[in-house]
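Below is one structure; the comments refer to it alone.
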There are 2 protein chains.
Amino acid sequence: MPEFNAPLRDMRFVLHEVFHGPALWARLPALAERVDADTADAILEEAAKITSQLIAPLNRSGDEQGVAIEAGGVRTPDGFRQAWQTYRDGGWVGLAGNPEFGGLGMPKMLAVQFEEMLYAANCSFSLYSALSAGCCLAIDAHASEALKASYLPALYSGQWAGTMCLTEPHAGTDLGIIRSKAEPQADGSYKVSGTKIFITGGDQDLTENIIHLVLAKLPDAPAGPKGISLFLVPKRLVNADGSLGASNAVSCGSLEHKMGIKASATCVMNFDGASGYLIGEPNRGLAAMFTMMNYERLSIGIQGIGCAEASYQNAARYACERLQSRAASGAQNSEQIADPIIVHPDVRRMLLTMRALTEGGRAFATYVGQQLDIAKYAEDADERDAAQRQVALLTPVAKAFFTDNGLESCVLGQQVFGGHGYIREWGQEQLVRDVRIAQIYEGTNGIQALDLLGRKVVADGGQALAAFAAQIRQFSESEPPFRQPLLKALGELEDLSQWLCEQARRDPNAIGAASVEYLHLFGYVAYAYMWSRMAAVARDSLVQDPAFYGAKLASAGFYFERLLPRTLSLHASIRAGSASLFELDAAQF
Amino acid sequence: MPEFNAPLRDMRFVLHEVFHGPALWARLPALAERVDADTADAILEEAAKITSQLIAPLNRSGDEQGVAIEAGGVRTPDGFRQAWQTYRDGGWVGLAGNPEFGGLGMPKMLAVQFEEMLYAANCSFSLYSALSAGCCLAIDAHASEALKASYLPALYSGQWAGTMCLTEPHAGTDLGIIRSKAEPQADGSYKVSGTKIFITGGDQDLTENIIHLVLAKLPDAPAGPKGISLFLVPKRLVNADGSLGASNAVSCGSLEHKMGIKASATCVMNFDGASGYLIGEPNRGLAAMFTMMNYERLSIGIQGIGCAEASYQNAARYACERLQSRAASGAQNSEQIADPIIVHPDVRRMLLTMRALTEGGRAFATYVGQQLDIAKYAEDADERDAAQRQVALLTPVAKAFFTDNGLESCVLGQQVFGGHGYIREWGQEQLVRDVRIAQIYEGTNGIQALDLLGRKVVADGGQALAAFAAQIRQFSESEPPFRQPLLKALGELEDLSQWLCEQARRDPNAIGAASVEYLHLFGYVAYAYMWSRMAAVARDSLVQDPAFYGAKLASAGFYFERLLPRTLSLHASIRAGSASLFELDAAQF
């Protein structure tokens, strides 16, 4: 059975040594009173315990048993209810939530590391919590004070859970064409009707109530995305005194049968004139929902890192134990029948690829978390704005690049096991199945790429990119390791971005033809920045812990030598333009 | 529900127009009497019917029901038995088999196209047949006349089926350390004992008997791979008159629970002093088994193409039907709520990537089939030898590159569906699960890459590669489309190969550090050759069928503009050498 050990040493390295989290928190008043280095370490220690000892052991049994729909609703796998109780009692749902309503108000750069552990331990379990946390964020940012007071405390405490209800059978990416309706009632509430699909945690038996955030159209709404409103629709109505009232007209019609995340309930939800409450302005629901979506996008990105870390741990352990063939340079283990497969260069190539992508992703996630903390807590408005622009630029990269790398890493981790990776026993095939959804939901990775190149680079006139580049150049003045390849890759990214801005003026398809490869290119440059930052710290600290920092420097070297060159192909393919995509008529496909 | 249509037009294009199969067969005496263009077309038509109408409809139900182990043995899913009857009555198991024992003796270049259809329709079903065909090949090549006469007719007819029993719990890639034993008996037979795992079709209820080819060690065998012998071990003993006798001491201990190919029985097989018969020379079993392995390797490669084709068909159909958002250049379908997603450049990029890889693979598989036909049937020994060397060089490329591209294509096809690709309903997620094994079994793709670079290029002194390159240069004298990028990519492959030969003299890890990326590089160059050949035909035939040949030229253009540049990154990564792989101790992983 696979075993998960939270990578605490590396998390502390990133949090403390590379990004100096505690120093940042100390200068942000709201955070200064809540958290310091010791608190953060204690939280991560506790998180490591609960994820590895309580939640990880339910991962395989949850996959095998799956969720079921019964007369009373959806049943989660054995052990999930008890684990949820312990989890919620620990306050984990509201870890980064608003303290005014019971959240713990911890920094996002700490929360992302916790989320990584959670996903690494058990993707399905994690989703019940992740959706709730995102739901809280949207309510906190956009709902009335009365709704906040009624709903947030029980959501943050994990007594209730939240969902996001966007997709309909005919409307996924294109939310402008949804058909769900909301009829205003005399008391100021609404009757919400429609069918929503792919609703994670749409029903479950973990919590007493479920709070759905539902996109629907008002009777007089304009067509398209500017005619969508957001409603809070509880599974059970909430009385004025906070107690639970009657059941609302919300039901789970069926569960989807999926490739993976089988212990996560993916529901078809029917709203039949259910009572709901408007969140934010009428017809501005998409913007409000995007508060939640952006949060979810980073979280789902982290699913990619978590799965990759779990796969790496299993594969590295197996590679050190499995005896098969001899090293090319001669037997390393001559008293046994064969050498451990970690002697073989291709096995090392696979492990180092996983490692370089996962550790690079962990650093980048923590970095985006840091920008989120600055955007939220900095006293200076300009500093907040600058950080917010970085978040907007980097979130689609995080979501898509983490998860694409997550699949690559899980597939590599499965490959290290040979035939044993394809059978259930070792857990590697489940990781591949579970991570795959992260490239699809919360906006497919293709949509993330359009967001990055179309909105965050081209429509932005390259300003946010220029700010990111300026920061990298500033860092590079410290003469870090790998400075030259980092600056070269950055310069080429900037040139290409400028070329794409020009192309986009002439060719409406220029953005979509380049976007996915552009996002990957951006991701490799961002990881080069992360690896150079990590290598700089490792170089300066090497004597203190040669094993850890030496491995960090070696992994950085591997990244620059063998992974960053992937940008070469991406540049060439992007420069080919959109013409070759449009030579075939639809009928010729 | 997905629907499979055999790509007959494209298969005929490759078989007749690109590789002139019938002209080749006409000059090879053994084939001339058996097959011509009309026969080949009739066989493909019939194959299309049986695969799309009989076998494809069992694909999803087989996945859902899976195989089960019962008191009487392994039970295949509902419908498999009846389908097998029809399949075997059609003579499909022995399609390319030796006519002396009931095979149909059809050319391999035709058989590979049939195999593609079969895998596209139903991977699990295909495996029962593929293993039998390979088993026949090994028996035909190495067994005594008596064994051939006793076993081949019932195997070719599909009355019995065959397996290959290599892997043991501690021995997969490293067969030199197997523990299974064979004790000689007074009557010339052997008692075979041991446990074999991952045995495809180790038990099933499709056939009256199962013929296991088992690797085991004789009592006096030398250690390592040169002490392995091959034995034929039937499930039921065969009487002198050909009738079935008593059960042999062979049993299926359990079934593996796997990621995919769930309707294929993957068995733990126990041999407890089972009666077996030596095939070939004592201690030369590995070489004999490799006759079968090489056949299986091409076949398993074709699994990658078949799955990719099925995924492409589903995704292209969905992209033309699914309405979502508007084209960047303005609405294309203004009477509907949205445009079909095929208007979006990134959807086209995904489909064209699948198409270019799948059609390139189909051509390359047929080309390797052609070389196999020449190697087997040419009258001139030099011509046979030259073709055999090409087969040896190209088989590992085919196995690994087809299946790596198979996974990429199936993942892309799933991505085109968005969330609908992750649920069972549309069949896309099953294709991802089913194709994944093809990168692992019959020698992992990492092992294929070592075989290619270590044995077929470096140890060969680059001779087979030089012959392949000479052929490409000769073709390029006809001034085909894309001549220049083809020759450039070829020249760079040759330079790199020479550099690697030099590196390998100094550095024992040079081959393993480069091998997987080298195989991909080789594959992209080989596909460039295929696409240039296809484009040359398409250019000359364009006016006869502008839709078909125009699409072929456009797909070729896409390949050269957007996929061949992947070689740039591969070159850079390979040139980095092995050093960065060996900086970490095993304990640092």
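Glycine residues also receive a Cβ, built from the backbone N, Cα and C atoms like all the rest.
Annotated domain 'Acyl-CoA dehydrogenase/oxidase N-terminal' per TrEMBL: A:41-159, in sequence order.
According to TrEMBL, the feature domain 'Acyl-CoA oxidase/dehydrogenase middle' maps to A:164-272.
On the 0 to 100 pLDDT scale, the model's mean across the domain 'Acyl-CoA dehydrogenase/oxidase C-terminal' (A:283-451) is 95. Look at TrEMBL and you will find A:283-451 tagged as domain 'Acyl-CoA dehydrogenase/oxidase C-terminal'.
Among the features that TrEMBL reports, domain 'Acetyl-CoA dehydrogenase-like C-terminal' is placed at A:468-585.
When each of A:41-159, A:164-272, A:468-585 is checked for Cβ pairs under 8 Å to the domain 'Acyl-CoA dehydrogenase/oxidase C-terminal' (A:283-451), A:41-159 comes out on top.
Across the domain 'Acetyl-CoA dehydrogenase-like C-terminal' (A:468-585), DSSP classifies residues as 99 helix, 0 strand, 19 coil. Helix first, then strand, then coil: DSSP counts for the domain 'Acyl-CoA oxidase/dehydrogenase middle' (A:164-272) stand at 6 helix, 56 strand, 47 coil.
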